[in-house]
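According to TrEMBL, the protein carries these features:
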TRANSMEM  B:9-32  transmembrane segment
TRANSMEM  B:52-81  transmembrane segment
TRANSMEM  B:93-114  transmembrane segment
TRANSMEM  B:134-160  transmembrane segment
TRANSMEM  B:192-211  transmembrane segment
TRANSMEM  B:217-236  transmembrane segment
TRANSMEM  B:243-263  transmembrane segment
TRANSMEM  B:269-289  transmembrane segment
Amino acid sequence: MSAPTSRLENLPFDAVHAGLALLVLSVVFLVSPLFVQPPGGSFVFFEVGVLFFLYAMILVGLNLQFGHAGLVNFGPVAFFAVGGYAAAILTANDPYQAVGLGFPWPVGVVAAVLAAAALGVLIGVSTLRLRDDFLAIVTLAVAEIVHGLIIAFRDVTGGTVGLTSVPRPIAGTTDVGGGAALVSTILVFAALALFFYGVFRRLSSSPYGRVLRAIRADDQVTETLGKRVFRYKIAVFVYGAAIAGLAGALLVFYNGAAAEGFFTIDVTVIVWVGMLIGGAGNDRGVIGGLAIIMGFQLVTRFFNDAIPFITQDQFASIRLMFVGLLLMLIIRYRPEGLWGDADRLGVES
Amino acid sequence: MEIPLAQEIIFGLVIGSYIALGAIGFTLVYGLVNMINFAHGEFITVGAFVGYLAVVFGGLSIPVAVVVALVITAIVGWVIARVTFEPMNEAGAVPLLLMSIGLGLVLRNGFRVIAGADRRSLPRDVTTYRFDDWGFFVTSQQLFIIGVTLVAVVVLHVFLSRTMLGIAMRATSDNEDLALVSGIDTRRIRNAVWLAASGLAGVAGVMLAVSQSANPTVGFGQLLLIITAAILGGAGSPYGAIVGSYLLGIGITVSVAFLPSGLSELNATMAFVVLIVVLLVRPGGLVNAEVRTS
């Protein structure tokens, strides 16, 4: 570990405190008449940034599940979607085609977390005894089922049209227009992401996290040591589900709408690839990995206009090809990721 | 209009047929290479495009195109597997799974860059045979799909039960270490498996190009159904995969009659529910395979 990072370790406050402080600051900023109007060309940075913080929240849960406890959850987007739709259905006012109950937004947030956690319990209890690769398939199938249900039950969810008229609590407080709401949103989301990053990091660096890593290494031995392995697995699964659900609620409150297009398998792929680039199990590393893959998404947006003879569709495909190629190269040549620990992960590099 | 049960069963047999062609290969790879290959759907797509090119630009008849697609897809799939999966043979189930997801992304989007999202259909020359007394009709195209699958199944059965290579394959699938000490060249077996699985995927691809279209996601669209069928039949068992495929195919079409009309497009979703239920209630599928850890 290099000098600057170890100095970072020794700071008198950690990410939880920093997150809380930033949250307070951003709320103060929100209620104050102050606002920041970003230049028009920078909106794309903010939009990708907002997604980065939401995906980071999903990722800290996923990293606890896979990086620390070894649970191959291939459906984080399912919990993200359930959270998003739970929040949207409860809070939307008179949507075009769907159910909107018009409750205030905090009800939506709570419902999103509870709904996603409940799905986590349901899936966890029934599937966590399966072998790794079968768990991956089941969780992926769950994500597909959720997606299928969203499209099929159009009377409730709005189907492919989506569910509009969802309140936008953050944008609502800054009604000066332009990109001012975007700045406020990104501040709040960053604060929340930092806070939850800290909470999950505390969890993983405590004795609790050591039990999880023991489970990943050998769950039968851990069981013999008197740890209720299955209970730990369920708990970790539910924590990850709950935070993904919260992220889903934040997304619909940011967009003022829920649509099936926000919750496709691409979310799962991006979060997984970010985790693998950074090095599963390294809490800071995975965020770095996510920054790299999201940075790639951002930078390549500008390439689109620069390269002639390529349609937008083709460009999107080429981008996904690179994501796939990156995944293959990482798995093949650096399975521990950029910052991961090969010995601890038990992979051969 | 009410569709008679006999008709639903015919539709189910057709769907079951192309699921079976994919599921046999998928389950062979699972049993012998010990990996869940998420890129298997892309091998099918290769077959669909090869078949399309052979018919439209090569001027070949569809049966000949099936053979061409079988051979070319077998070689393409084998080469891809040599380059991507074989070097990390020992890495374990999850890294191989992730590798195949990456490969699937690259291939699927590669097809899209080259071919665009257009749906290309093969020229159709369809005769319909009506059996009004029994309340169903069947087209020559449907008979062709079911027939080709039956031929493939019979050839596979003869191969697995009568040839040395096939018997060695089954032995390796049962117990790789035991096969190795009995003098079976397991590397040769793995090569054969990749060729066979990709070849069958190629045939499945042409069937899909015939009945639907050749497009970049035609194979991927079948993947979860294929996985469901393979697990339903007991992962690793080719005969189980065949049974699982037809059960699933008929189950999908017949269930339409029982679902409320607005939810009929849910039948693919229902298949995944079936997958989860099977894994929970009878994780070994129809025959017994080991998928639980504790």
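A Cβ is built for glycine as well, from the same backbone N, Cα and C atoms used for every other residue.
At the 8 Å Cβ threshold, with sequence separation of at least 6, the transmembrane segment (B:217-236) comes into contact with the transmembrane segment (B:9-32) through 3 or more pairs. Proximity of the transmembrane segment (B:192-211) to the transmembrane segment (B:93-114) is not established, fewer than 3 Cβ-Cβ distances being under 8 Å for residue pairs spaced 6 or more apart.
With a threshold of 8 Å between CB atoms, the same-chain residues lying at least 6 positions outside the transmembrane segment (B:93-114) that come near it are 33-42, 45-46, 49, 80, 84-85, 216-217, 220. Sequence-distant contacts of the transmembrane segment (B:134-160) (same chain, six or more residues past either end, CB-CB distance under 8 Å): 4-7, 9-10, 13-14, 17-18, 20-21, 24, 62, 66, 124-128, 166-167, 169-170, 196, 200, 203, 207, 210-211, 238-239, 242.
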